[in-house]
């Protein structure tokens, strides 16, 4: 296996660690963070004061995003929110930028879409929810195209896009993991895209260590729990994680916060060797061909990039389910219904 994926992952991990403290590197980059913050504040002000117009696409939009760099659990949150909205009587659709997707115009994503076209997260959302999913770097164009193709959709969930201010939205949900805002600095000195004080309608904190929630308004715990693993070659074959306990197991993840996946497996009684791959790793070739393990556990997000041509009988996929606080669902539904009746 090439050393490049490992080097990239280690570089990402080191930068993430640096962003958790105010060390020499953070202070050296602080002037650039000030410049970044000024530009970001000017962009926000341009839309807040009407210098630039927000676009209302004729359907309420719920944005699920973050103010930090890296994975926080947005994708399972979007999947759970789509299911909750459907249960509440809505007909939801989803839009996404489609990170890594090779598209310039609005494109529909179905369960059969190639990951190179759709992007890994939109493809996973389409497969898990069976809701209409459209991707485009221009989210306004994506919402409009979705609405034309599916006029029955009465609410759109935007997977990320918090900083896509041009798109008018009815509800904003910001997702954090246990690191919260790190050292509190903006990019590149810290992990923040926007200040922690940024206005939003609700905050979710995905903290597997079950610490006290920060004292922010309308803040709720986000719980992610693994399900039974399914076999990559034979998806109908299921195996509880506890049954991997006596095997030689490698856990590999090409996601924004791979350590969270590894911690989930350890909590389930699995003691794997671990390999962090770069976020959105393409899996152009099998990186496990020279590894000697009984089983290899990967995430669902990575699994969508492994097509039927993969024939590695050791690979199992670990699904993750998000449990949303009923109070969050009630808050979102109330805002949506209030907007509809207004």
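Positions of Cβ are set from backbone N, Cα and C atoms, glycine also.
Marked as ATP binding site by Swiss-Prot on the basis of sequence analysis: 68, 69, 70, 71, 72, 73, 74, 75.
On the structure: features taken from Swiss-Prot.
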residue	record	Cβ within 10 Å
68	ATP binding site	24
69	ATP binding site	19
70	ATP binding site	17
71	ATP binding site	21
72	ATP binding site	26
73	ATP binding site	26
74	ATP binding site	24
75	ATP binding site	27
Inset, instruction - Starting from the Cβ centroid of 68, 69, 70, 71, 72, 73, 74, 75, which together make up the recorded ATP site, report each further residue of the same chain whose Cβ lies within 8 Å of that point, ordered by sequence. - result: 66, 175, 177, 256, 257
Inset, instruction - In three-state terms from DSSP, label residue 69 (ATP binding site) for me. - result: coil
Inset, instruction - Using DSSP with the three-state reduction, classify residue 74 (ATP binding site) as helix, strand or coil. - result: helix
